[in-house]
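Visitor: OK, TrEMBL features for this one:
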- E74, D117, L119, D120, D247: Mg(2+) binding site (BINDING)
Amino acid sequence: MSSTPALLMRLVASAYAIAERAGTIVRKVMSGGDLGIVEKTGANDLQTQADRLVQQSICASLGRSFPRVTIIGEEDLPSQDVEEELIESGQYEEILKHPCPPQYSSIQEDQIVVWVDPLDGTKEYTEGLLDHVTVLIGIAYEGKAIAGVINQPYYNYQAGDNTVLGRTIWGVLGIGAFGFQLKEVPDGKHIITTTRSHSNKLVTDCVAAMNPDKVVRVGGAGNKIIQLIEGQASAYVFASPGCKKWDTCAPEAILHAVGGKLTDIHGNIFQYNKEVKHMNSAGVLATLRNFDYYASRVPENVKQVLVP
(Lines of atoms letter the chains of each structure in order from A and count residues from 1; the text may use other names and numbers.)
(Lines give C-alpha, C1' and ligand atoms only; values in the text may rest on other atoms or scores of the structure.)
Protein backbone atom coordinates (compact mmCIF):
# COMPACT_ATOMS: atom_id res chain seq x y z
CA MET A 1 0.00 0.00 0.00
CA SER A 2 1.36 3.41 -0.89
CA SER A 3 2.19 5.86 1.87
CA THR A 4 -0.29 8.42 0.57
CA PRO A 5 -3.89 7.18 0.46
CA ALA A 6 -5.66 7.35 -2.89
CA LEU A 7 -7.63 10.49 -3.73
CA LEU A 8 -11.01 8.77 -3.31
CA MET A 9 -10.24 7.62 0.23
CA ARG A 10 -8.95 11.06 1.20
CA LEU A 11 -12.10 12.64 -0.26
CA VAL A 12 -14.41 10.27 1.63
CA ALA A 13 -12.41 10.77 4.86
CA SER A 14 -12.76 14.54 4.44
CA ALA A 15 -16.46 14.28 3.55
CA TYR A 16 -17.02 12.32 6.78
CA ALA A 17 -15.41 15.04 8.92
CA ILE A 18 -17.26 17.75 6.97
CA ALA A 19 -20.59 15.92 7.43
CA GLU A 20 -19.95 15.71 11.19
CA ARG A 21 -19.43 19.48 11.29
CA ALA A 22 -22.58 19.90 9.19
CA GLY A 23 -24.58 17.95 11.79
CA THR A 24 -23.29 20.31 14.48
CA ILE A 25 -24.39 23.32 12.41
CA VAL A 26 -27.87 21.83 11.90
CA ARG A 27 -28.31 21.33 15.65
CA LYS A 28 -26.94 24.79 16.47
CA VAL A 29 -29.41 26.53 14.12
CA MET A 30 -32.31 24.60 15.65
CA SER A 31 -31.26 25.32 19.23
CA GLY A 32 -30.86 29.01 18.33
CA GLY A 33 -34.60 29.20 17.69
CA ASP A 34 -34.64 31.20 14.43
CA LEU A 35 -34.67 28.79 11.49
CA GLY A 36 -34.71 31.62 8.90
CA ILE A 37 -37.29 29.80 6.73
CA VAL A 38 -37.70 30.86 3.09
CA GLU A 39 -40.21 29.32 0.65
CA LYS A 40 -38.49 28.44 -2.63
CA THR A 41 -41.24 27.17 -4.94
CA GLY A 42 -43.99 26.68 -2.35
CA ALA A 43 -44.91 25.51 1.15
CA ASN A 44 -43.44 22.04 0.54
CA ASP A 45 -40.14 23.41 -0.83
CA LEU A 46 -38.42 25.25 1.99
CA GLN A 47 -34.95 26.54 2.75
CA THR A 48 -33.66 27.32 6.24
CA GLN A 49 -30.56 28.95 7.69
CA ALA A 50 -29.28 25.41 8.29
CA ASP A 51 -29.56 24.59 4.55
CA ARG A 52 -27.62 27.74 3.68
CA LEU A 53 -24.86 27.43 6.29
CA VAL A 54 -24.35 23.70 5.77
CA GLN A 55 -24.05 24.06 1.99
CA GLN A 56 -21.53 26.88 2.44
CA SER A 57 -19.60 24.72 4.91
CA ILE A 58 -19.54 21.59 2.75
CA CYS A 59 -18.77 23.31 -0.54
CA ALA A 60 -16.10 25.63 0.87
CA SER A 61 -14.44 22.86 2.90
CA LEU A 62 -14.32 20.40 -0.01
CA GLY A 63 -13.34 23.16 -2.45
CA ARG A 64 -10.40 24.20 -0.30
CA SER A 65 -9.01 20.67 0.00
CA PHE A 66 -9.99 19.41 -3.47
CA PRO A 67 -10.09 22.49 -5.73
CA ARG A 68 -10.59 20.65 -9.04
CA VAL A 69 -13.54 18.50 -7.94
CA THR A 70 -16.94 19.57 -9.35
CA ILE A 71 -19.39 20.24 -6.49
CA ILE A 72 -23.14 20.57 -7.14
CA GLY A 73 -25.32 21.63 -4.21
CA GLU A 74 -29.08 21.86 -3.87
CA GLU A 75 -29.25 25.47 -2.76
CA ASP A 76 -28.76 28.28 -5.24
CA LEU A 77 -26.69 30.62 -3.09
CA PRO A 78 -24.86 33.82 -3.97
CA SER A 79 -21.08 33.44 -3.95
CA GLN A 80 -19.67 34.96 -0.80
CA ASP A 81 -16.80 34.60 1.61
CA VAL A 82 -17.44 31.74 4.03
CA GLU A 83 -16.74 32.27 7.72
CA GLU A 84 -13.68 30.37 8.88
CA GLU A 85 -15.66 28.61 11.63
CA LEU A 86 -17.67 26.84 8.91
CA ILE A 87 -14.54 25.34 7.32
CA GLU A 88 -13.62 21.75 8.21
CA SER A 89 -10.13 20.61 7.19
CA GLY A 90 -9.94 17.37 9.16
CA GLN A 91 -10.28 13.77 7.98
CA TYR A 92 -11.75 10.65 9.56
CA GLU A 93 -8.61 8.56 9.97
CA GLU A 94 -10.47 5.23 10.16
CA ILE A 95 -11.45 5.56 6.48
CA LEU A 96 -7.83 6.08 5.44
CA LYS A 97 -6.98 2.62 6.85
CA HIS A 98 -9.03 0.99 4.08
CA PRO A 99 -7.21 0.30 0.81
CA CYS A 100 -8.85 1.95 -2.16
CA PRO A 101 -10.60 -0.45 -4.57
CA PRO A 102 -8.19 -0.88 -7.52
CA GLN A 103 -10.71 0.37 -10.09
CA TYR A 104 -10.76 3.76 -8.32
CA SER A 105 -7.11 4.04 -7.26
CA SER A 106 -6.01 6.36 -10.07
CA ILE A 107 -9.02 8.72 -10.19
CA GLN A 108 -8.10 12.39 -10.65
CA GLU A 109 -9.89 15.32 -8.99
CA ASP A 110 -11.34 16.67 -12.23
CA GLN A 111 -13.05 13.30 -12.89
CA ILE A 112 -15.17 13.52 -9.73
CA VAL A 113 -18.57 15.12 -9.19
CA VAL A 114 -19.83 15.62 -5.62
CA TRP A 115 -23.59 16.00 -5.12
CA VAL A 116 -24.58 17.80 -1.92
CA ASP A 117 -27.92 17.99 -0.15
CA PRO A 118 -27.13 20.14 2.89
CA LEU A 119 -30.40 19.28 4.65
CA ASP A 120 -32.48 16.41 3.28
CA GLY A 121 -35.91 16.59 4.91
CA THR A 122 -36.03 20.38 5.37
CA LYS A 123 -39.83 20.41 5.78
CA GLU A 124 -39.60 17.80 8.54
CA TYR A 125 -36.81 19.82 10.19
CA THR A 126 -39.11 22.85 10.37
CA GLU A 127 -41.86 20.67 11.86
CA GLY A 128 -39.69 19.09 14.54
CA LEU A 129 -39.58 15.60 12.96
CA LEU A 130 -35.87 15.60 13.59
CA ASP A 131 -35.11 11.91 13.02
CA HIS A 132 -36.11 12.35 9.33
CA VAL A 133 -33.29 14.84 8.71
CA THR A 134 -29.99 13.93 7.01
CA VAL A 135 -26.98 15.65 5.41
CA LEU A 136 -25.97 13.99 2.13
CA ILE A 137 -22.59 14.04 0.35
CA GLY A 138 -22.49 11.77 -2.71
CA ILE A 139 -19.38 11.11 -4.80
CA ALA A 140 -19.67 10.15 -8.48
CA TYR A 141 -17.11 8.98 -11.06
CA GLU A 142 -17.86 8.38 -14.74
CA GLY A 143 -21.51 9.16 -14.00
CA LYS A 144 -21.84 6.48 -11.31
CA ALA A 145 -22.41 6.96 -7.57
CA ILE A 146 -19.36 5.25 -6.04
CA ALA A 147 -19.19 6.63 -2.50
CA GLY A 148 -21.45 8.41 -0.05
CA VAL A 149 -21.64 9.96 3.39
CA ILE A 150 -24.87 10.44 5.32
CA ASN A 151 -24.99 12.34 8.61
CA GLN A 152 -28.06 12.05 10.84
CA PRO A 153 -27.78 15.09 13.13
CA TYR A 154 -30.53 13.88 15.45
CA TYR A 155 -29.89 10.16 15.60
CA ASN A 156 -30.73 9.08 19.18
CA TYR A 157 -32.42 12.40 19.97
CA GLN A 158 -35.25 10.65 21.85
CA ALA A 159 -32.95 8.30 23.75
CA GLY A 160 -32.32 10.50 26.81
CA ASP A 161 -29.89 13.12 28.05
CA ASN A 162 -26.76 10.99 28.32
CA THR A 163 -26.87 9.75 24.72
CA VAL A 164 -24.45 10.89 22.04
CA LEU A 165 -26.48 12.83 19.49
CA GLY A 166 -26.01 12.16 15.78
CA ARG A 167 -24.12 9.63 13.68
CA THR A 168 -22.38 9.43 10.31
CA ILE A 169 -22.73 6.54 7.87
CA TRP A 170 -20.30 6.08 4.97
CA GLY A 171 -19.80 3.65 2.14
CA VAL A 172 -17.64 2.99 -0.92
CA LEU A 173 -18.39 0.50 -3.70
CA GLY A 174 -15.98 -2.40 -3.38
CA ILE A 175 -15.38 -1.78 0.35
CA GLY A 176 -18.81 -1.77 2.01
CA ALA A 177 -20.74 0.60 4.26
CA PHE A 178 -20.16 1.44 7.90
CA GLY A 179 -21.66 3.30 10.86
CA PHE A 180 -24.83 1.20 11.24
CA GLN A 181 -25.95 -2.40 11.78
CA LEU A 182 -27.06 -4.00 8.50
CA LYS A 183 -30.40 -5.76 8.97
CA GLU A 184 -33.03 -7.16 6.63
CA VAL A 185 -36.82 -7.17 6.92
CA PRO A 186 -38.00 -10.73 7.76
CA ASP A 187 -38.63 -12.97 4.73
CA GLY A 188 -42.10 -12.61 3.25
CA LYS A 189 -42.78 -9.20 4.82
CA HIS A 190 -43.36 -6.30 2.43
CA ILE A 191 -42.90 -2.96 4.18
CA ILE A 192 -42.94 0.05 1.86
CA THR A 193 -41.41 3.40 2.76
CA THR A 194 -42.61 6.36 0.72
CA THR A 195 -43.03 10.11 0.75
CA ARG A 196 -44.69 11.91 3.63
CA SER A 197 -45.26 15.34 2.09
CA HIS A 198 -45.20 14.84 -1.72
CA SER A 199 -47.88 12.20 -2.27
CA ASN A 200 -50.41 12.00 -5.11
CA LYS A 201 -52.61 9.36 -6.79
CA LEU A 202 -49.71 7.99 -8.83
CA VAL A 203 -47.64 7.49 -5.67
CA THR A 204 -50.46 5.79 -3.77
CA ASP A 205 -51.44 3.58 -6.74
CA CYS A 206 -47.88 2.37 -7.12
CA VAL A 207 -47.51 1.67 -3.39
CA ALA A 208 -50.83 -0.25 -3.37
CA ALA A 209 -49.64 -2.37 -6.32
CA MET A 210 -46.79 -3.66 -4.14
CA ASN A 211 -49.37 -5.43 -1.94
CA PRO A 212 -47.68 -4.10 1.20
CA ASP A 213 -48.10 -5.47 4.70
CA LYS A 214 -47.31 -1.99 5.99
CA VAL A 215 -46.64 1.48 4.57
CA VAL A 216 -44.31 3.94 6.31
CA ARG A 217 -44.50 7.60 5.28
CA VAL A 218 -41.42 9.62 6.19
CA GLY A 219 -39.43 12.59 4.91
CA GLY A 220 -36.03 12.54 3.23
CA ALA A 221 -34.46 10.17 0.70
CA GLY A 222 -31.46 9.63 2.98
CA ASN A 223 -33.76 8.64 5.82
CA LYS A 224 -35.62 6.15 3.62
CA ILE A 225 -32.43 4.42 2.50
CA ILE A 226 -31.36 4.12 6.15
CA GLN A 227 -34.71 2.39 6.79
CA LEU A 228 -33.84 -0.13 4.05
CA ILE A 229 -30.37 -0.95 5.38
CA GLU A 230 -31.55 -1.18 9.01
CA GLY A 231 -34.44 -3.54 8.29
CA GLN A 232 -37.28 -1.09 8.91
CA ALA A 233 -38.53 -1.21 5.29
CA SER A 234 -38.10 -3.56 2.36
CA ALA A 235 -38.66 -1.10 -0.51
CA TYR A 236 -38.59 2.67 -1.10
CA VAL A 237 -41.24 3.46 -3.70
CA PHE A 238 -41.70 7.00 -5.02
CA ALA A 239 -43.65 7.11 -8.28
CA SER A 240 -43.36 10.83 -8.94
CA PRO A 241 -40.88 13.47 -10.10
CA GLY A 242 -39.50 15.58 -7.25
CA CYS A 243 -36.38 13.76 -6.14
CA LYS A 244 -33.11 15.25 -7.41
CA LYS A 245 -29.63 13.88 -7.99
CA TRP A 246 -28.33 15.32 -4.70
CA ASP A 247 -31.11 13.38 -2.90
CA THR A 248 -30.10 10.02 -4.37
CA CYS A 249 -26.32 10.04 -5.03
CA ALA A 250 -25.03 9.41 -1.49
CA PRO A 251 -27.89 7.05 -0.49
CA GLU A 252 -27.50 5.06 -3.73
CA ALA A 253 -23.76 4.57 -3.18
CA ILE A 254 -24.29 3.34 0.39
CA LEU A 255 -27.16 1.04 -0.61
CA HIS A 256 -25.18 -0.40 -3.54
CA ALA A 257 -22.13 -0.89 -1.29
CA VAL A 258 -24.15 -3.44 0.74
CA GLY A 259 -25.71 -5.19 -2.26
CA GLY A 260 -28.93 -3.19 -2.65
CA LYS A 261 -30.28 -1.46 -5.72
CA LEU A 262 -31.68 2.01 -6.50
CA THR A 263 -33.10 3.01 -9.90
CA ASP A 264 -35.93 5.03 -11.39
CA ILE A 265 -39.40 3.45 -11.48
CA HIS A 266 -38.56 1.76 -14.84
CA GLY A 267 -35.39 0.15 -13.46
CA ASN A 268 -33.05 2.59 -15.24
CA ILE A 269 -29.87 3.49 -13.37
CA PHE A 270 -29.20 7.15 -12.59
CA GLN A 271 -26.33 9.08 -14.14
CA TYR A 272 -24.45 11.58 -11.98
CA ASN A 273 -22.10 13.34 -14.40
CA LYS A 274 -22.03 17.13 -14.10
CA GLU A 275 -24.05 17.79 -17.27
CA VAL A 276 -27.00 15.60 -16.27
CA LYS A 277 -30.42 17.11 -15.49
CA HIS A 278 -30.95 17.46 -11.75
CA MET A 279 -34.50 16.08 -11.56
CA ASN A 280 -35.11 12.34 -11.22
CA SER A 281 -38.23 12.73 -13.34
CA ALA A 282 -39.13 9.03 -13.44
CA GLY A 283 -39.31 8.56 -9.67
CA VAL A 284 -37.30 6.20 -7.43
CA LEU A 285 -37.43 2.49 -6.63
CA ALA A 286 -34.94 1.07 -4.13
CA THR A 287 -34.52 -2.14 -2.15
CA LEU A 288 -31.87 -3.90 -0.10
CA ARG A 289 -32.99 -7.29 -1.44
CA ASN A 290 -35.60 -8.70 -3.89
CA PHE A 291 -35.53 -5.74 -6.26
CA ASP A 292 -37.17 -7.69 -9.09
CA TYR A 293 -40.19 -8.54 -6.93
CA TYR A 294 -41.03 -4.86 -6.51
CA ALA A 295 -39.97 -3.74 -10.00
CA SER A 296 -42.32 -6.31 -11.57
CA ARG A 297 -45.26 -4.82 -9.66
CA VAL A 298 -44.94 -1.24 -10.88
CA PRO A 299 -48.20 -0.63 -12.84
CA GLU A 300 -47.94 0.08 -16.56
CA ASN A 301 -50.00 3.27 -16.23
CA VAL A 302 -47.43 4.59 -13.74
CA LYS A 303 -44.57 3.82 -16.14
CA GLN A 304 -46.40 5.57 -18.98
CA VAL A 305 -46.82 8.77 -16.97
CA LEU A 306 -43.28 8.87 -15.58
CA VAL A 307 -41.01 9.51 -18.55
CA PRO A 308 -37.26 9.40 -17.78
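Every residue gets a Cβ built from N, Cα and C, even glycine.
Automatic, uncurated: that is what TrEMBL annotation is.
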Visitor: Which are the residues of the chain, E74, D117, L119, D120, D247 excluded, whose CB is within 8 A of where the CB atoms of the Mg(2+) site average out, their centroid?
Guide: D51, V116, P118, G121, T122, T134, V135, L136, G220, A221, G222, K244, W246
Visitor: Using Cβ atoms only, which residues of the same chain lie under 8 Å from L119 (Mg(2+) binding site) while being at least 6 residues apart in sequence?
Guide: V26, T48, A50, D51, V54, Y125, V133, V135
Visitor: Whose Cβ, among the binding-site residues D117, D247, has more other Cβ atoms within 10 Å than any of the rest?
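Guide: Ranked by Cβ atoms within 10 Å, first place goes to D117.
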Visitor: Using a 10 Å radius around each Cβ and counting other Cβ atoms from all shown chains, which of the binding-site residues E74, D120 yields the largest count?
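Guide: Ranked by Cβ atoms within 10 Å, first place goes to D120.
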